[in-house]
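See below for the structure under consideration.
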Amino acid sequence: MNLASSACLLLLFLLGIAQALPVQNEEGHEEGNKEGHGEEGVEEGDEDDFVDFTTRILTSNNNTDQLLLEGDLVAPTNRNAMKCWYNSCFWKKASNGFVVIPYVISSQYSRGEVATIEGAMRAFNGRTCIRFVRRTNEYDFISVVSKNGCYSELGRKGGQQELSLNRGGCMYSGIIQHELNHALGFQHEQTRSDRDSYVRINWQNIIPASAYNFNKHDTNNLNTPYDYSSIMHYGRDAFSIAYGRDSITPIPNPNVPIGQRNGMSRWDITRSNVLYNCR
């Protein structure tokens, strides 16, 4: 084999190696294979196992200009604080036994993101009598939009009510379920009237301007136990002044996990059934 033939074979070999390597963008990150992801490459599998949902929610809401209570609840304008008088903020139960909640989803979302949102909604099917259905002409409905943050009204507002799921930070099934639970009328677990028997609020570790987010409410606990594993429970460092300075500590066992990442707990499901009298 002459020298020219050897050089040609060597060049073909090197080109084959180059084509087998992953393509990288300008920042050096691999591109191309995103098997199992939605159209935007965002799915629940992307989640960092060490980041809880409330941390993601509060981080996403840092840049919002929406007036929020407790980090992700739209401040009410048509009723007293966080109270729901005479069940006025609960969704109505139909004669067929289902609580039908109409919704529309903004065209801002990709098909993959719509699938993620509707998949989180379907988590209620089969385990509760709650059914999220696409709106036809119903007066009361949820409008899912991508604004700056992840947030919701508390319960049924009446008419159109926005539920924001920012495309950049809220496209996780657990976050979507968290906000849907707010829309059903559920508050954060650590604001329960009996919370002081189960968690200690470390006021000295909380950003002073955010301390009001830890106020207790006169809640209806539906005869269910305090649930450390609830998807509605803050993580232990929510609104903390510094990393490692926990704002919430479980008691008596400080090592009990809170601020989970896996979706609705058994008691979250039970409360939906009790609140809406599911059979």
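Cβ coordinates are placed from backbone N, Cα and C, and glycine is handled just like the others.
As written in Swiss-Prot, here are the features:
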type	residues	note
SIGNAL	1-20	signal peptide
COMPBIAS	26-40	compositional bias 'Basic and acidic residues'
REGION	26-46	region 'Disordered'
CARBOHYD	Asn62	N-linked glycosylation site
DOMAIN	80-279	domain 'Peptidase M12A'
DISULFID	Cys84-Cys89	disulfide bond
DISULFID	Cys129-Cys278	disulfide bond
DISULFID	Cys150-Cys170	disulfide bond
BINDING	His178, His182, His188	Zn(2+) binding site
ACT_SITE	Glu179	active site
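Under 8 Å, Cβ to Cβ, and six or more positions away along its own chain, Cys150 (disulfide bond) finds Arg56, Ile57, Ser60, Asn61, Asp72, Ser164, Leu165, Asn166, Gly169, Cys170, Ile175, His178, Glu179. When the recorded positions Asn62, Cys129, His182, His188, Cys278 are compared by Cα distance to Cys89 (disulfide bond), the shortest distance belongs to His182. Residue density at His178 (Zn(2+) binding site): 28 other Cβ atoms are found within 10 A of its Cβ, drawing on all protein chains shown. Comparing CA positions across the recorded positions Asn62, His182, His188, the one lying closest to Cys278 (disulfide bond) turns out to be His182.
The Zn(2+) site, placed at the center of the C-beta atoms of His178, His182, His188, has further neighbours from the same chain whose C-beta lies within 8 angstroms: Glu70, Asp72, Leu73, Ser152, Glu179, Asn181, Phe186, Gln187, Ile231, Met232.
The average pLDDT computed for the domain 'Peptidase M12A' (80-279) is 93. Taken residue by residue with DSSP, Cys150 (disulfide bond) is part of a strand. Each residue contributes its Cα atom, and for Cys129 (disulfide bond) and His188 (Zn(2+) binding site) those atoms are 22 Å apart. The most crowded of the disulfide-bonded residues listed here (Cys89, Cys129, Cys170) is Cys170, judged by how many other CB atoms sit within 10 Å of its own CB. Cβ neighbours of His182 (Zn(2+) binding site) (same chain, under 8 Å, six or more residues apart in sequence): Asp72, Leu73, Ser152, Glu153, Leu154, Gly155.
Cys89 (disulfide bond) carries neither a helix nor a strand DSSP state and counts as coil. Counting only the Cα atoms, the space from Asn62 (N-linked glycosylation site) to His188 (Zn(2+) binding site) is about 19 angstrom.
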